[in-house]
Amino acid sequence: MARKRKNRTHLKGTSKDASSSSAPKSFIIKHGQVGHSITQLVRDMRRVMEPNTASRLKERNRNKLKDYLVMAPALQVTHLLAFTLTDVAPSFRIVRLSNGPTLSFRVERYSLMKDVLKSTKKARSMGMEYLTPPLLVLASFPAPGPDTPSHLPLVMKAFQSLFPSLSPQNLTLSSARRVVLVAYNPERGTIDFRHYIITVKPYGVSKRVRRVLEGVSSKGSSSHVLDLGNEKDVADFLLRKRGEPGPDGYESASSAESIAGDDGDAVNLADDYVGRNNKKGQRRAVRLDEVGPRMELKLVKITEGIPGKEGAVMYHDFGECCTVDFVRKSKKEIAEQKAAHAAKEKLRKQRREEQERNVARKKAGKEKAKGKKSVDDEDEEGEEEEYEDEDENMEGYDSEEEEGDDEGAWDEDEEISEGEESEDDEEPEESSEDGEEQPPPRPTKRVKIKGKR
């Protein structure tokens, strides 16, 4: 029996740009004390940036922003999107790794995915749309010119660098499933962020006719057969006006509600697209369904470098009452600022070199102590061997002494006297010069002593 081959259907339709190593990758994090809403906003933004983001990244309270900046280059991460909560409003930063710049925004207003989905009935997210990166659309940004604010081109490039570049030769139609809209509002000086899902429907066909063609009966029904049991005629279902129960309320098929009646919304499919009967060459209506999240961003500051290694301030907003424009500084102020940054960088370099020297010195000290310890261990082993040889010699000497003791050991019944009688004791004592007789000597007492080994 032949082995069944598994088809990886979930990989079909993915673009080559999504899996290429040149596609930008991002970390989306929160840092500091934030509430539940900001946490959910971070999760929603991770869904928007899929599949080229760490969607399951878990932050810990002890993690600092520096930890992500150090770890990102090793994982080929190109952007860091950080949310935090300030006393005024939530803050949003886009950091281009690893040399900057850093764009700081103030989040004026925002809506979560769940709030947007509850407010509309037609938006449905199935989950397969997030296997490919979204398409970026920049709207309402002024054309470059002498009257154009100088910071807007940099903002446009910052958002463009977040998403993979489009290649018409390699892009497949079925991979275009989502759209991210970044629109500039010149009246408020803010940037609107929107997220949509692309849906394709039959063009020029009313909703009721489409339900007949597709065979879908009612919402929530699992049957593929349309239920017309409550209708006397099929015309009652197809041509009756909404809210009119009788046959007098018929309307023409041309004026019936359609998915997209405008010719501007209809396109001829250049290739097969996801969905039923969406074949190449078919005329279909394209619609965008918003799924969220929404954000209204106010640009606050643009700086060179990354957090912790900031450089010169390229743009700064002085407040709502001030005109948004680049900070104008004199040549003297610019020179002073460059000198201050150079001094700070020099001090940072000196501290880094000093730290490296301290680490090298500690490492050398540890190796030296380790070598000394090994020498001491060898000396101790030599002394132990000498002690063992001496112990063996002492054991031999003790054994010889024991043998000598056995030979000259005392008998238990041996009689020992306090002293031996000498020849002088046997001879009679001479009289003294005075002629007095001396008393006879006291006889010696014999003592019987039992000896022990």
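Cβ coordinates are placed from backbone N, Cα and C, and glycine is handled just like the others.
If you look up TrEMBL, you'll see 1-13 (among others) marked as compositional bias 'Basic residues'.
Annotation source TrEMBL lists region 'Disordered' at 1-26 (among others).
Per TrEMBL, the feature compositional bias 'Low complexity' maps to 16-26.
TrEMBL lists 24-308 with the feature domain 'Brix'.
What TrEMBL records for 68-86 is transmembrane segment. Panel annotation: around the transmembrane segment (68-86), residues 21, 24-35, 38, 41-42, 45, 49, 54, 92-98, 107, 161-162, 306-308 of the same chain, lying at least six beyond its termini, place a Cβ under 8 Å from a Cβ of the stretch.
What TrEMBL records for 337-359 is compositional bias 'Basic and acidic residues'.
According to TrEMBL, the feature region 'Disordered' maps to 337-453 (among others).
When DSSP labels each residue, the compositional bias 'Basic residues' (360-372) comes out as 13 helix, 0 strand, 0 coil, counted as helix, strand and coil in that order. Residues or ranges marked as compositional bias 'Basic residues' by TrEMBL: 360-372 (among others).
Annotation source TrEMBL lists compositional bias 'Acidic residues' at 376-437.
Taken from TrEMBL, the feature compositional bias 'Basic residues' covers 443-453 (among others).
With a threshold of 8 Å between CB atoms, no same-chain residue lying at least 6 positions outside the compositional bias 'Basic residues' (360-372) comes near it. Secondary structure of the compositional bias 'Basic and acidic residues' (337-359) per DSSP, as helix, strand and coil residue counts: 23 helix, 0 strand, 0 coil.
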